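Okay, structure first, notes after.
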Amino acid sequence: MVATTLPQPRQRRPFSWGNPLTYVLALAVAAVSFAPVIYVILGGFRTTGQLAADPAGLPDPWIWHTYANVITQSKFWSELFNSTLIAIGTTLGVVVMGVCAAFVLSRYQFRGREALYTYFTVGLLFPAAAGILPLYLLLRDLDLANTYLGVIIPQVAFQLPITIVILRPFLAAFPAELEDAASIDGADRLGFFWRILLPLSRPALVTVAVLAFVASWNSFLLPLLVLQNEGLHTLPLGVQNFSAEHSQDTAGILAFTSLAMMPALLFFSLAERQIVGGLQGAVKG
Amino acid sequence: MTTTGSPVLAGRADARPARPRPDGTSRAARNRRKWYEIIGLTGPAVIVFTVFVLAPMAFAVYYSLYRWSGYGWPTEFKGLDNYFGEYGAFKDPIFLDALRNNAIILVGSLAIQGPLALGIALLLNRNFRGRSVFRLLVFVPYVLSEVTVGIMWQLILLRDGTADSLLKNLGLGDLVTGWLADPSVVIWTMLFILTWKYTGFALILFLAGLANVPPELTEAAAIDGASWWQTQRHVTLPMLGSTIRIWMFLSIIGSLQVFDVIWVASSPAVRSLGASNTMATYMVDHGFNQREWGYGNAVAVILFVISFIAAVVFQRFVLRRDIEGALTTRKG
């Protein structure tokens, strides 16, 4: 049936309505993925009593004050601020350091280049969690425990290997003629990098930026160890604190959890195309 | 000095015809400048990566040879006691349980998430109206933080909670069990949550891989009279090979370091029985919470060695042909 709907033009096949089976399957998959999230959001609109009496029911009546309480009385806003600050810092650090290193690794000829590249990719071979205890001790000794930088710098370091692995082939793919032309126009290598390569690399830069941002936004173990001062806690820590401190207040936990996941959901729905698109280069077969 | 040092690289660098430089600088000066640029641009990344990723691993090896509370410099040398001694990790049944749990998660993830994500990817790669909305919904579990996911499922799976009540309403009340409390069940509950969360990651990779399959190929197959399924089986899937191998690699590494979801969703009491511990939760419990830094670091080293061996073996035997083509894009 699909064969008959295939049109001639090769650029973009128009969407068809597909067959019902496709929709049933897609709906089932989407429901399994999304239903728990709906449950959490709706649960925040019910009282803990309602939740206990009929765990799977719908809000009736809708209660707004649980959400209002979370927003006004918990540390939600300061945690949101901390998460944002750390994620932006991490993203900037990763993109700047990553693109500089990837530029050298892709467009300079020098002895030891492949060795240097391998050195970075070693980071992909083992889990960052394995080094977390000595890393904590190091951060403590450097007086970086309980600071934003104590989370940002290690996160930049963890994220560098994958960033360089994604950026290097992208930067290497620009033809040498481009560089020659820039050189004839009087640009040295750095000028070429700054004025020509960087603007052209925007899609790949956005991809690595989004990946770094999401990784930082969701990270838990490192902030858990490094940020013992509650005023510095990020949202994932906040979610855990809230659920531990208000263990009897199921509705409150649901409300806090759904508020905490909103920024990530919004951000991702805006950036989804970019992520999938950007990974295409990295997983080219 | 260095351009001439390596004939191969120098040859490549000099392959382009020599041009007069507008600034008229000497070859040596240009060369010096080049090295300043190389060091200036890669230096920060090298330093940060070395100090905060690789050096801690070296320190872990050193600390793991001591009994140490974390204050001052370690002095009580224990050799390999933290590993093989009477109270060493390999003599602790709780640690061996953690190893087993990591193995369950690793095998379970590979066996379930891959096929599941592949099926969904092929489905969502078809052209139908509303496809992008479905894609967005399916990615949601992957986007949510591990902590959110852990808390969410903890609430859903509470005794007599939503999941239990749904099962009863469906007439499946007999299935109800202590999802998070029964030591013989909890690791499977964790595997379920991890599957729910990380299938979306495999899916993102597979969809990106599928987008690289030239439509001409599937169209040609269709014109030759192949059914949709035949086209997927013989044209699309083979082209996903390298993507699947990369996903397997990342999934293995990820499974060995699982921490967040387990830490949040299963109670410390259940974990301490060994029922749902992983190497990482065991490590943080002992090293950080109980201040047994030497012992905790020994566990870190074991985690590191296992991951590294797994990675190298996988690289050597499975990923080898993708080394150029996969993580680093084949040239041309």
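Just so you know, glycine gets a Cβ as well, placed from its N, Cα and C.
The annotation transmembrane segment is assigned in TrEMBL to B:38-65 (among others).
Positions annotated as domain 'ABC transmembrane type-1' by TrEMBL: B:99-314.
If you look up TrEMBL, you'll see B:103-124 (among others) marked as transmembrane segment.
Sequence annotations record features per position, and here TrEMBL assigns transmembrane segment to B:136-156 (among others).
Per TrEMBL, the feature transmembrane segment maps to B:185-208 (among others). Beyond the transmembrane segment (B:185-208), the same-chain residues lying 6 or more positions past its ends with a Cβ under 8 Å from any Cβ of the stretch are 101, 104-105, 108-109, 112-114, 116-118, 120-121, 124-125, 135, 138-144, 146, 149-150, 153, 157, 177-179, 240, 243-244, 246-247, 250-251, 254, 258, 261-262, 265-266, 270, 275-276.
Among the features that TrEMBL reports, transmembrane segment is placed at B:246-265 (among others).
What TrEMBL lists as transmembrane segment is B:293-314 (among others).
Simply put, out of B:38-65, B:136-156, B:293-314, B:136-156 has the most Cβ pairs sitting under 8 Å from the transmembrane segment (B:246-265). Away from its own ends, the transmembrane segment (B:103-124) comes close to residues 131, 134-135, 138, 187, 190-191, 194-195, 198-200, 202-203, 206-207, 210, 232, 236-237, 240, 244, 247-248, 251-252, 254-256, 258, 278 of its chain (Cβ-Cβ under 8 Å, at least six residues beyond either end).
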